[in-house]
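Let me begin by presenting the structure, written as structure tokens, before commenting on it.
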Amino acid sequence: MHQKVLLFVLLAAGLLCLSLVPVCQAQDLDEDVDVEDDLDLGLAGTEDDEEELEGDEQDETPPATKTVTYRAPEPMGEHFFAESFDRGTLDGWVLSKAKKDDADEEIAKYDGKWAVEEMKDSKLPGDKGLVLKSRAKHHAISAHLLRPFAFDAMPLIIQYEVNFQSGIDCGGAYVKLLSETPDLDLDQFVDKTPYTIMFGPDKCGEDYKLHFIFRHKNPKTGEYEEKHAKKPDADLRSYFTDKKTHLYTLVVNSDNSFEVLVDQTVVNSGNLLTDVTPAVNPPAEIEDPNDHKPEDWDERPKIQDPDAVKPEDWDEDAPAQIPDEDAVKPDGWLDDEPEYIGDPDAIKPDDWDEDMDGEWEAPQVPNPACESAPGCGPWKRPMIDNPNYKGKWKPPMIDNPNYQGIWKPRKIPNPDYFEDLQPFKMTPFSALGLELWSMTSDIFFDNFFITNDRNTADRWAADGWGLKKAAEGAAETPATAAEYKKTDEPQPDVKEEEGEEEEKAEEENSKSGGEAVSMNCSGSTCYLL
């Protein structure tokens, strides 16, 4: 008897804790919420479902309801830029008023529209982002950092989210980190505005790209040159086509190493000194532009044998093909019948002018008399290869005793040579901008973040993109047992699992010497029956 009571108390206590888990989680999420909405993930039935279930199973406890509450991410730790757009405005952002210099007047203006709004198929009501609204337009928008980012001993981490809600035909979704210069004017932000780094996805046709480009300053000339990171080995197609929100992250470290991540998975990595084109440092030696190949330099590895003599029996006049003397004309060959004849059904056009068009002749058609014959017209022997044909005689080739190899100019010290072993120390930047052209609208951007601390970036990602990922994943969760009952369709897999759980509970109870205990479980909550 004591064992039965003890078992009942233990089961009741465990089930009480399980039932309180969703409540505790909801209370934690509700603290300090800036933007808040509950998202029904479909784990509980509707009112109609409940009425239908009441008629069939009045004693069954309704399943628990799970909710996902949106909470605007709050930047924590060292950061230079953080934007979630959940205020619903473009405060702090500057729309470019400039025109492109090398474009037609009709499309030269940066007049593409931007908006702050939720995604069209948002799984988190209340979660807003920056949306590129126009197609076939130039767009440019930018914002200042809290303070300029200087490349010193700390890494650079930039990350943001993109969702191609309507797919993408041809267009970019990359960002530019605008260099800190005295004449930086965000009102006049254009494609030629100096930037330090350009990073993000870009696509046209079937060319899927994930850019990482930085502008390197030549220490000798002061001129800047774009350096492109090697292409990722990963297949990028799904990031442009699956219509999901993806997190793009660039990490550049002070030891010149870099990583490009999508959804916190590395898709490209390397070193600024070895994995970019053109290379940061020029070659120490170059070919002498004033060196010229000597006139008597012999680059021929083979030459004709000067001692070779044409054989006396070599007949250069023999034809390549000759008539086959063994051929016999097929029986039934019609020598007197032409292969083509004038069309007997053809009629001279009424407007035919013989003075202008010449004498009219019926068009030629295959001779019907030849259809059942092996051939028509004069018979000729077929041609075959001449076994005695040798062609024009040429002396055989031999190794050239005077061969000197392929000539190359001599090497001289490169007058433009320099060695920069710290390309990480790029030009400081003080603003973030989007300067884009797209043939597809409704590109969704969210949660821009720039920091020098990896943990801070990961925390921001978890609070923003992580919540989106969880909501999107929950929305794709297969139907629950309650939904199966709603359709009145047999679901053996679910029922088998429930039966196995009940049998296991009975077995464990029997082993302890107690009576069989029945339970009904829904979600993370179980009820004693």
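From the backbone N, Cα and C atoms, a Cβ is placed for every residue, glycine too.
The following features are taken from TrEMBL:
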type     : residues  : note
COMPBIAS : 45-60     : compositional bias 'Acidic residues'
COMPBIAS : 289-312   : compositional bias 'Basic and acidic residues'
COMPBIAS : 472-482   : compositional bias 'Low complexity'
COMPBIAS : 483-494   : compositional bias 'Basic and acidic residues'
COMPBIAS : 495-506   : compositional bias 'Acidic residues'
DISULFID : C170-C204 : disulfide bond
SIGNAL   : 1-26      : signal peptide
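Note on the compositional bias 'Basic and acidic residues' (289-312): DSSP counts are 0 helix, 3 strand, 21 coil.
All protein chains included, C204 (disulfide bond) registers 14 other Cβ atoms within 10 Å of its own Cβ.
Note: C170 (disulfide bond) has non-local neighbours K203, C204, G205, S438, M439, T440, i.e. same-chain residues 6+ apart with C-beta under 8 A of its own C-beta.
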